[in-house]
Each structure stands twice: as structure tokens, then as C-alpha cells.
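Enquirer: Quick one: this structure, given as C-alpha cells, is what I'll be asking you about.
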Amino acid sequence: MKLFTRSDMILIALLIAIMLLISYNAPYRSTEAEVYVQGKAYMKIDLSKDATYNIANHMIVEVLDGKIRAQESDCPEKLCVKQGWISSPEVPIVCLPNKILIKIIGKLSDEAMDAMTR
Amino acid sequence: MRQRNPRNPLSSSTFLYTILALLAISILTWLFITNDKQEYYTKTDYLLGTYVTVRVSGDKTSPVLLANAAFKEIERIDEKYGNNKGIVEELNASKGKWIEIDQETAFLLKSAIEVSKNTGGAFDFTLYPIIKLWGFDDINNEKRVPKKTEIGKALLKVSYENVEISPDGNKVRLLNGAQIDLSGIAKGYAVDMAIMKIKSIDEKATGFIDAGGDIGIIGPKYGNRPWVIGIRHPRSESADKVIDYVYMYDGSIATSGDYERFFEVDGIRYHHIFDPATGYPANNGVISSTVIHKSAMLADAYATAAFVLGDSPGVTFFPRYGALAFLVREDLSTFKNKGFEVYLSK
């Protein structure tokens, strides 16, 4: 059977669009991302180190300036790649075909700094 | 190959839709929870020799109106108590004569004297002759290391005890050639007064005022969440690096650091926070001091005192005066007054 129908695509695209809109709102300070493959914890990624990682031979993930993105993926639609950079825990990178989920942990949204005393 | 069975509830399509539906519901819920009607208005202006930011949201009043009222109040205090103008200029030129003052000035001077007394003179608003000698009285002035004799001579004029307020509080005079500088206290005072102004217009207003790192909380974020305040890392190339975060629902916080204003001669850093006992930049092992206090004026004054007092004699007595200190030493280790830790977690 077909995994994706046309309406599936539209739905996914819509959802991604909403996620992107939300993620545009504020920059977040985060330190670590968790990667889940097939629902199981696969690895942790330090977001303070600029580097690239191979996720289960399906996805290449890039870290730059505390942000993370799927640089390459072998999934058909590459929606995870198109999702671009994330730096907030509210918006994980999701690759449905490979069942890969990348989620920033440690700090919640209102952990973002409001002001600085100096 | 697996056989296709459209009724199988675990078929890919059903699975996909379930996930998508759950995602959609959670996103909508999240949007609903976070989509607070309260909006924050932020206004920044250059006042009190620094950038002042007011972020405010009103309960019944327009935040723009509240911010403008706050800035008007800060401008008034800047005019009244800024360096080289107003009452400060008048007093410094008074040559020991009695000068009439209003209630507000009496309050400000008495507050400054009280902090000086409480800190054994570590905070002293009569340091102006020393500050001037080193060139820190004006951004454009040339900074230099004065001779020992010059410092010794200027130091004779320095003592908060040289400021005498008449018993009725209507007059003040400066003895022994003393000169005052209220910049260490006026910035915080302006924050306190601007918050009072906002509260008098809209009691339930929330937000904060940041006057060059002296931060006073008007009210919790969206009425129930703390404001997240980063304490600047004292040794970092990037100005936005933080050594720790504090979470504040109310009260004020201020920081003094040797990185704020300094110059270097022969590899030695000379910063702008002077030890009233020596006339030299304070050097008691602390490179950054942060103080939380109910009042921004007192947070600022005690932060300065904490920097001067440093590790020894130290600031263990601060909580007695409602001040909680967080000190960073040269090796980046920290000292916290008992009670400060409650601000380090939400």
C-alpha cells in the first residue's frame, strides 16, 4: 500500500508550517538534544559543539550555534530536512518514515532569558 | 510481502492519521495555553548614562501609556540627580554652606548614608574626588593612574560622615571639601520610582524595568511566571554570556563588575569601583557582585558595597539588611548568601 496519500502530504505540510511559525517566535537557549529512533533513545547531542552526526544510517544531523537540523535524510519527502533549524524544545524534528525524533531537552520555553544584570 | 488489509487498525494509513491527529491536538492545546491575551510593550531609551528598557503590560491601561509614564519619571530623576547638574552640582559647589533640600533629596541622601553605615563605609557616595582623579567622572575624560600623594590628598575629603543633614531634614552641608556622586544610587532610585508610578496608574500591571543592568520587577510575567534574569559572566568575550540565571516574581537585582568600565596600564586592569579605604580600584578577590533586594536603589548600593567588601571581610551580614549577594571570585568560584539559592530555581 501507499504510505503517503496526497491528503497525508497536505496534512503533514500544514503541520510543519504551523510548527515553523511557532518556532520563529523566540530564540531559546538550550544545551542538549535527544534523538529517538523507533521510539527508543538513540543518542544525546551536545548543542554547544558544532558538529555533524549520523543517525542510524538514515539521517545526517548538523549542530551549529546551539541550533540543530536534519542536513540529509534518506526518507522520500525530506520533510525533516525542510523543517530546518530548531532551537526550542516545543518543536522536535520528526522523520515519520524512519521514525526518528530529535528533541531539545533541558530548558523550557520560558527559560529563555528576559533580561541580564551586568 | 504483507497483504493489504484496509480494516486492519494498525495499517500504515490509520497509524499515520492517529499520530497526526494527536500532534494537531497537542499543538492546538499548546497554542491555546500559551496564547495569552496580555501583551508586553517594550520601550528603550538612553537615560541615566545607560540604556533603560521598560517592558510592561497593563491590566486595564495601555502599556504604551504606562511605559511613557515610567520614562517621564526616570527623566525627571535623571535631571534632578544626574552628575554635573541639579542638586549634585549645587552641593559640590557649595563650599560647606548649608543648602536647602526637598524631602525627596533628603530621603535619597539619608538612604545613601544608611547603606554607607551598614556596610562600614564600603559603599560611599562621597568618592567623587577619587573618581575624578582617575578620570571616571566622564566617559570622554582621559583615564590615568594618579600618584600616591594625589590619592592620599583626595582621600582626605572622602567620607559619608562629611555629609551633614540638619535635624529637620530641610538642609544639608558638605564638610571637609567633600563632594558627592549620586549615580550609584539614582539609577536604582529611578527604577523604584518608575515602578511606583506604573503601579499608581495600574495596580495590576506586570513587567520589568532594566536600567543598565539594574532590574526592578513590576510584576510576574503574564501574572504568574517569573522573569528570567541572566547574571552576566564576568570573563567572557560575548556580552550575552551568562554565569547563572535567577527567577524573579518581584523585587530588584543589580550587579557590579570590574568588566563594566576599566582601562589597562602595563597589563594591570584599573576598573571603576573604588575602595573608599584606599582610593584604588577595589581588589578583594571579587570580580562581580550581584545583589537582590526589594528596592532597586538598595540592590545597586549593596552590590557596589559587596564588590568592595569582597571575600574578606565578606558579606555574610547582608541578609540582615534585606540584601542577598551572589559573588564571583577571580577563579570564577561563587559565594551566595543563604537564601539566594531560592532565586536560582523556579
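The backbone N, Cα and C atoms fix where each Cβ goes, and this holds for glycine too.
Unlike curated records, TrEMBL annotations are generated automatically.
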Enquirer: Pick the one from B:Gly184, B:Gly207, B:Gly212 that TrEMBL also lists for the Mg(2+) site with B:Asp300, B:Thr304.
Expert: B:Gly184
Enquirer: Please report the number of other Cβ atoms within 10 Å of the Cβ of B:Thr304 (Mg(2+) binding site).
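Expert: That number is 27.
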Enquirer: Given the recorded Mg(2+) site (B:Gly184, B:Asp300, B:Thr304), which additional residues of the same chain have their Cβ within 8 Å of the Cβ centre, ordered by sequence?
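Expert: Those within range, site residues removed, are B:Phe123, B:Ile185, B:Lys187, B:Gly188, B:Ala254, B:Ser256, B:Ala301, B:Tyr302, B:Ala303, B:Ala305.
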Enquirer: Validating a neighbour-count step here. Other CB atoms within 10 A of the CB of B:Asp300 (Mg(2+) binding site): how many?
Expert: 32
Enquirer: Are there residues of the same chain, six or more positions away from B:Gly184 (Mg(2+) binding site), whose CB falls under 8 angstroms from its CB, and which are they?
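Expert: Spatial neighbours, sequence-distant, of B:Gly184 (Mg(2+) binding site): B:Phe123, B:Phe125, B:Asp300, B:Ala301, B:Thr304.
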